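K.L.:
Next up is a structure, given as structure tokens.
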Amino acid sequence: MSWGTDLWDQFENLDKHTQWGIDFLERYAKFVKERLEIEQTYAKQLRSLVKKYCPKRSKDDEPRFTSCLSFYAILNELNDYAGQREVVAEDMGHKVYGELMRYSQDLKAERKHHLQEGRKAQQYLEQCWKQMDNSKKKFERECREAEKSQIIFERLDNDINATKSEVEKAKAQLYLRTHMADESKNEYAAQLQNFNAEQWKHFNAAIPQIFKNLQDMDERRTVKLGETYRSFAEVERKVIPIISKCLEGMVTAAKNVDERRVSEGAKMGSCINLLVILILWVGIKSVSMSFQAPNLEDLSHLPPEQRRKKLQQRIDELSRELQKEMDQRDALNKMKDVYEKNPQMGDPGSLQPKISETICNMEKLRSEIHKNEVTSPVNQEHRSPPQPDPHEFDDEFDDDDPLPAIGHCKALYSFDGSNEGTLVMKEDEVLYVIEEDKGDGWTRVRKQSGEEGYVPTSYVEITLEKHSKGAVTYI
């Protein structure tokens, strides 16, 4: 049927057109997706750039120059600008790309439904046409059979040789075929009427409605595209006021650069650098360090030479502490002068308590030095053979040449000489005396092997030579 072919051609055209419309919509959705990915990458790179150039130290450690402060303000504004690009990408993802993809799925389902309805209507009309065509063919066949029966009956009726039964049989056959032809005619008429009705409904109601539905669908697709075009633009337009504020903030930061304040800040920075150098020069980490006097251990138990050396070491240590306190006092006074010349850097009065504390520490150290310089050995008497206190002596004596013997002594008791600077001796052992007891309970002796050291005076019986003291002395 030509009309059926034409109808299918129309459906093919509708199929292609609606499919093209959906493909175009999805192509635009892909464009939006790539656009928002560009925004995401742009925002990410901007944030990385801001992070790279932001100060790594705290704000208190950063220079307070207006040019520096303005640059940091610009970085903050740029960071906010990057945030707005992220907003653009997010809104494009939800309001444009996401909406397009959901609408595309709905559109595909609707298009499929309408095309299926069109195919069903076409198939139903074809079925009605086939039924009508079959009834027509049956009617034509029955008519031909009735015409044949009419010819046979008339031939037998005119034949004088034909029997009555043959004529009656031909007549009955003619009647049957004529009846069947009439029934086929009625059936064909009914099928023809039904097909005409279905055909009118198909071309005037069903197919136009399906075409209209497809047309409405395509128009709504076009309207949806227009809406998403506007949404695409609105996403950008919505952030323009905030972006404008970010740019205005950058311009304001640029206007805040003051060359005079920068120059003054540079001078202030020089003062600060000078102050830092002074503090490093005196070797102090903080002006808030507290003074602690060294531990004054009793040294009366040591032999004279050892005691003298220990006292000298203590005096040297106290002198070094005194020098540190003096350096700290000088540094504090210089810092006070800087504060007085540049009040914006600090309060000069805040340093006075520390200066007073440092002066007090200096007086304490001077007093301790004087006390150690005038200290004399404390005399101790030993009535029984005591063991000396377990304190270490120096490793060796400072004398380059051995002292001459001024007498000799005999060991009354054994002595283990466990402490450094002392000498091991056995009972009844005879030793040379090279230095008398100076009131501290120790006598310096030498063995015949040349080994020298101190032994407790109460452990030996001493005989001094006459030429050394003018007479022999027994202890």
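The backbone N, Cα and C atoms fix where each Cβ goes, glycine too.
Note that TrEMBL annotation is computational and uncurated.
In case it helps, TrEMBL gives these features for our protein:
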type     : residues : note
DOMAIN   : 1-262    : domain 'F-BAR'
DOMAIN   : 301-378  : domain 'REM-1'
COILED   : 308-342  : coiled coil
REGION   : 372-401  : region 'Disordered'
COMPBIAS : 392-401  : compositional bias 'Acidic residues'
DOMAIN   : 404-465  : domain 'SH3'
K.L.:
Averaged over the domain 'REM-1' (301-378), what pLDDT does the predicted model reach?
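P.N.:
A mean pLDDT of 77 is what the model gives the domain 'REM-1' (301-378).
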K.L.:
For the domain 'SH3' (404-465), DSSP counts of helix, strand and coil?
P.N.:
3 helix, 29 strand, 30 coil
K.L.:
Could you tell me how many residues in the domain 'REM-1' (301-378) are helical, how many are strand and how many are coil under DSSP?
P.N.:
67 helix, 0 strand, 11 coil
